[in-house]
Amino acid sequence: MLPRTASATRTPHLNRLVSAGSRRVLPRCSSSLGIRGSLAATPRLLSTITTQQPSPLKRQPAPRATVGFERHLATVLDEPAQTATTPLYELRSFSPQAPLTVRDHTKVYAKQRVNYHGIPGDVNEMFLVFEACLQVGRLERAAQVLKRLANLDVVPPADYLDLFNQYLDAKVSQLLQEPDVDKADDIHKAFETMVSDGRELPVGGETVALLLKASLTSTDPETMQRYVTRYLSLLPTQIALETVFNTEILTYEELTKVAELCPKYNMPDNVDPDTFAQQQQQQQQQQQQQQEQQQQQDTSIDQSEVSIEPLLTSSEPSAIPEVLGTPQKGFGLQFVKRTVSMFKDIPDGFDISTLPMSQQREIQSKLEKDCVDASLARWREENESLQKMGLNTSLDTPSLNSRLYQWQKDLETRLRTMLVEVEKSEMVSKKNKDDLDRCIYGPFIRQSNPERLAAVTIISTLSSLAMGGAHKGSTIASLITHIAKFAEEDIRVQKAEALISKRNLRKAKSKQHNPRSVLRFKNSTASAGSSDMADSNNVAVEMDDEAWTTTIRTKVGAALLSALLDTAKITLVREDPVTKTLITQNQPAFSHVMQLRKGKKIGTIIPNKAVVELLVREPVPDFLARHLPMVTPPDPWVSFEKGAYLETKTPVLRLKNGEREQRLYTEAAIARGDMDQVFKGLDVLGKTGWKINSPVFKVMLDVWNSGKQVANIPPLDPIFDLPPEPASTEDPTVKRAWLKEIKVIENERSGLHSQRCFMNFQLEIARAYRDQTFYFPHNVDFRGRAYPIPPYLNHMGADHVRGLMLFAKGKPLGESGLRWLKVHLANVYGFDKASLQERQDFADENIENIRDSVNNPLNGNQWWLQAEDPWQCLATCFELAAALELEDPTKYVSHLPIHQDGTCNGLQHYAALGGDTWGAQQVNLVPGDRPADVYSAVAKLVIKGIEDDLAKDNEFAKAMHGKITRKVVKQTVMTNVYGVTYVGARKQVLKQIEAAYPNITAESGIEAALLASYVTQHIFRAMSTMFKGAHDIQNWLGEIGGRVCRALTPEQLDEFERSERSPHGDGTASGENITLAGNPRKSSAHKNDEILNNFQSTIIWTTPLRMPVVQPYRKHGTKTVSTCMQDLVMTIPERSDPVNRRKQLQAFPPNFIHSLDASHMILSALHCDELGLTFAAVHDSFWTHASDIDSMNAVLRDAFIRIHSEDVIGRLAAEFQARYKNSLYLAKIETGTKVAQEIQRWRVRNKLGPRKELLLEKERQELLRSSNPEDVERGKKMISPASLYELYSSAEDLTVPEDLKEVTIGNLAGVEETKVRRGREMDEEGEVDGSEEAVEHEDGMHEDEMLADEPRDMDGNSGLDELSELRNTNHFALSQKRAKASIASGGKQKHYLDIWLPLVFPPIPEKGDFDVRSLKDSTYFFS
């Protein structure tokens, strides 16, 4: 029975709450149908319902910004408000005792099978299919989804009603477009069916208004009267007046008709109908005048755009030569050229920034939207040009580009056939497997048109193959994901454009029919405020479409790829070896094969050899157009996906697939204003204008077109001396060695070619932008580090790209600027460890070399090529020479960015945190006459250690004596602070030793790898000595991080208790079919680990800028997805996935430091902007004009001091204590202790098991926290393992500390057993290294090296003993020896006991005596 809403006897306040509560505010997405022009996205994202309606005068955040947002304790909202005069660059106060906490209330529903109608069983996928069906007008399919949701009874009533309203909205819109009695009857039947299913649904004004609109289409007056009366009776008069009549659904004429049919809803007696009609007519005239004015403005804009056409058409050819294409002529390079083709029509010297802003934005929008359209137009034009020349494009031609048009047309035809098949599959009563697949992916491919889908499929397929190596092919799983992502992105762009047009039309219509400004109703006692409240209740809050699920992406991508494989053909022309005639043969362009990889059969797409040859010559850029530099300042960041590019939605946070938790925290922080400083900082970085350095570009272009190798530009045709192939009669090992050498050469050749291809793109973009002012929009990673979004050309690029960059805005040098310009020259040359005066003198002493480099860069003495950064050196030479040409060089207007680099910035932060005076001196935190060099200091300590070993006649010391230089230790010292492990450090040292001493193995008789291990031990020991305070902090960070990763929060404990008391009683959800990666643990000894696998917590903290950081490392589950090509096992990332404890622990200290240096950079950017400085940054390298360097350096020091003047570590400890308050963690204690023996006796007596022990401890802690003294007393009397631990270990902490070998500075580790131990722990963790994307750090290290596992510790001489043993024993004998030793020591192995304890953290390490305020006078902090 349908419940009636509360009676009209309620107070106005209660009525407003009823009105607000009758309909939840849900996310919105665009719709091609619908009265309101927007559809609610899905209720799966809704986690909280606001009990107080927001003010209609304030712009409300998108619902996802408040998903799961809860305030615990006192939040920032309770703190004193920041005054309006507080500068942005000042740190905002926040209470670490009240951290932002997000609870994701998204329910995990039991997954069902796809039903016989082809409706998926996953609730999230049902929502997506429902939205897609409404979008493409397949309302009968949408009705089937609604029916299944109702049958499963998994959606709350209010959310289900909102879904029904969306369906009703679309049905009514369809009825109005095509009036039909049957369609109207379907609407009424659908409502009655919903009412009669027994669910109590809170029907509100929106539902009634839609039903009334459908009723008014009836041609029978009696039927119309009956329906209108019936639907209005569902709501009391007062509620109907405030909701139904205040929606935007019913027009004035329809409201008048309803009032005629039901007189009690008529206008008040004191309103004259003639006066009312006259007012409406006047209002419509005003709206019409406004529309005409708007049209005139639009016309004037169009005319102004036409008027600039002559400016954009040059009659003379450009003076800048074309960029010589690396034998890739055609597809890849031509695509770049086509993408930036609009610049080719602009005469030299014309800057788009001189146009009005509206025209600049129009050009930028065109640039962003030009990707697929440019490809289609280019393919079509080339095909037509070949046809005009009488060439057959199906025959063997030298360019893949000539075939793409035919591929596109054939694929377009196949997709049209596919859509017909989808429609048939939806209609057939008995569906087979293919029909069910089509029913799922059909609504999604219908959202685009076949022409665009075909182009997107071809572009994404070729780009994926080209990026991964065409000759190797690509796995089906990665390829279909790549295709589906780009198809999804393209569909979103099309929907966004349609939504903008629909909004404009809707606004025009609503302004013509808006009687609510003068309309008042009889019996309405609500105040104006309540009327506004009712209006605000009906505002559709729009948000971004929810991303497709992995299953939907897989099915869509597989369907598109399968269609491409069926249609893409390549025609080969070959000569018959016998008859010498030409034979034409059609072959598939791609093949689907199964390959063995690591013992598993993997579906792979292999291109035809002819296609591979073309792809090698013609690499394909990856949707380049949407990620070019902007020609207008980026839009300011205002929400998670609103900012930067004008047309392309880009998230402010760089996320991997499925990282939902970081997004939830970020959106919650945005909602309460915590991201304001980060947003403003990104805006500052983005608004910095750039231009191309023309003199350097011309030199670079000459080098490029010559095909020679100069600086870091590889040669066009590299020459390698190939070793002669050994005779077939020789030893097979010789042949294997020859093949290995050939492979190395081919890999190097391929690497140089790839490098040149990428540079080709960069130079083509630089040529297109050579006269333009352009901008790099920025976003951040999960730690808060800022990165430019355009990936191909930006100031974070290699030396040749940085050499091309100039600030668009120039500033006179002045005395200070001239001095810093000279210092910068010395820095980029490599003379950067001298004093500032010595660096200035270096430039003065090389004036002739500088002038020669400028006047004759390629044929002179080429002094600039000897620099550490030659292209940046050349750019500085041009700038300095131009200044010196003036009578007064200080008056020269300089555009060159001057860099100020930190001295191992991570160690600077660690030294400040730990208070290490010695360490602070080595990283220039302490004032000095000359710059300190931490790398040289570490090298000296290593040399001293080797000399000590030499005195003991150590053979390794003899081999390395006199061979330790600054360069050998530099990379290891630099990366140590960022989590480099022993394995990664050893690789770094080995690379340096082999480069400097290639014959060291032959000379010393010791393998270079063993010598690298020896040196690495000394480096790590030196680091731990120099940075003792930092070492202690890393230990502390690792310990608290490890405890958090083994903890259960109160919410998780409650969930665990509910699952234990459920009928299943196994702690898992019924019907769950996702399995965790790794080996399941079935032994009873691992019950606690099973609990943790389901409920582990990730490490979360807040940066000084109040940005929440959520570490993303989890062990994702897998799911088998059936597609039209093959069954695929796909990774399914979920927020509920257990964390990868090993990576969480290892990554915490370096990520924490990264979050500090990111905060330092943003604060510096904000302060520089306040002072009017131009600012750019490359992590810990900050750039500005030469004349502003002194000001920027003062800002950098001030920001660092402000960050570290606060108790950063103390605040982190307080935040963790608050964030993980009342949690329990799984601790380990040694079995030989007294407390362990008592616990074992208790367990023997009680026999509870791990699960019940956990529940027992949960109950005990709740009683102890109770405000009831009796409960507290009961808790004190309870006996549990934790209470026994508290009783017997009150004097000291007996828990086993975390294994921190992977975490701390100066970590020493052994050499062998790495792979064995690593493999064993990987099995235990259930993690496969290859499953994570490799994240390259600025030092060139990859994440797998930074987070590699560690072998066992080695202290003192034990490391040398083992190295000697390794040298003198073969691998097999060593393995046998260690296996026996392991068995022999089995009885002595330590055993541990697991117990659940309240989560507490160890005390903060004592800080050293370094005072960070002394930094204020340090000249070389950044220099």
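Cβ coordinates are placed from backbone N, Cα and C, and glycine is handled just like the others.
Annotated features in Swiss-Prot:
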- Asp901: active site (ACT_SITE)
- Lys970: active site (ACT_SITE)
- Asp1180: active site (ACT_SITE)
- 278-297: compositional bias 'Low complexity' (COMPBIAS)
- 1055-1064: compositional bias 'Basic and acidic residues' (COMPBIAS)
- 1322-1336: compositional bias 'Acidic residues' (COMPBIAS)
- 266-303: region 'Disordered' (REGION)
- 1055-1087: region 'Disordered' (REGION)
- 1316-1342: region 'Disordered' (REGION)
- 1-73: transit peptide (TRANSIT)
TODO: Sort Asp1180 (active site) into helix, strand or coil using the DSSP assignment.
DONE: coil
Task: Asp1180 (active site) and Lys970 (active site), Cα-Cα, nearest whole angstrom - done: 16
Open item on the list: Counting only residues 6+ away in sequence within the same chain, which have a CB under 8 Å from the CB of Asp901 (active site)?
Closed with: Asn827, Asp832, Asp1180, Ser1181, Phe1422, Ser1423
Open item on the list: With every protein chain in view, what's the tally of Cβ atoms within 10 Å of the Cβ of Lys970 (active site), excluding that atom itself?
Closed with: 20
Task: In three-state DSSP terms, the structure that Lys970 (active site) belongs to - done: helix
Task: Assigned conformation of Asp901 (active site) - DSSP reduced to three states - done: strand
Open item on the list: I'd like the Cβ neighbour count for Asp1180 (active site), meaning other Cβ atoms within 10 Å of its Cβ, all protein chains included.
Closed with: 20
